[in-house]
Amino acid sequence: MKATVKGRYEGDKATAAATLAFTPSAADLRFKASATDAAFARGPSLEGLILTLEKPGSFLLDLKPHSKDVRFQFMNSALLLDRRVSLTYTHSTTLSPGPAKLPARTALDGSLTFDPANKLSLSHTLGSSGCRVKYSYAHGQDRLTTIEPCFDTANNAWDFAVTRKFQGGDAIKATYQASTKLLALDWTRDSKIGASFKVAASFDLSDQSKAPKLIAESTWNYEI
């Protein structure tokens, strides 16, 4: 059994989340229970609790008992002309008899991997007027630098992301959303003791009077 504890600090707010994952030795299914601090803030409750059943690379089922929201996800991949093609179908809905807080949503995601350095991805939400097309290019022999331009056809806008990995588990990522003029910088570090850390800052370039938004996260993994 594996346990994960995550802490997040955003401005003057601090949140926490915990996940327990259990994989039967005779099966390739995985059971997970995740809870945020909302499940304990006002005494034990189902708020913030997510139950997950998954078979990695095949399907995933998420259930939020408090709101009765359900998410189904099915994925598959195959070789086509020596190129890896991956497809993911995601449907989100609610089992609550009352009016749904969020409408049902169905999304299709596909990717075509040309080689270890080049991949093309496409995302489309059924009923929407457009899709997102992303190209990923990993530069260099060790592919430590990744460049990812993305075009949103619905908003006719580009997003750009550049990630640089370093020896020792450090990585720096910069993203820019042209439609919102939002610039984000992330620094992450993976520790050899089963922990990871992330510090992020975002800047609203459309209103430079706004202070940058700062976020710090820490994640700890344990074997039980």
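The backbone N, Cα and C atoms fix where each Cβ goes, glycine too.
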Kindly tell me whether the record in Swiss-Prot places V70 on the same side of the membrane as A154.
yes
Would you mind telling me which of 56-64, 83-91, 92-100 Swiss-Prot tags as transmembrane segment?
56-64
Per DSSP, what is the residue tally for the topological domain 'Chloroplast intermembrane' (43-55) in helix, strand and coil?
0 helix, 8 strand, 5 coil
Checked against DSSP, the composition of the topological domain 'Cytoplasmic' (112-116) is 0 helix, 4 strand, 1 coil
Sequence-remote contacts (6 or more beyond its ends) of the transmembrane segment (2-11), Cβ cut-off under 8 Å?
17-21, 213-224
Residues in the topological domain 'Cytoplasmic' (29-32) grouped by DSSP into helix, strand and remaining coil:
0 helix, 3 strand, 1 coil
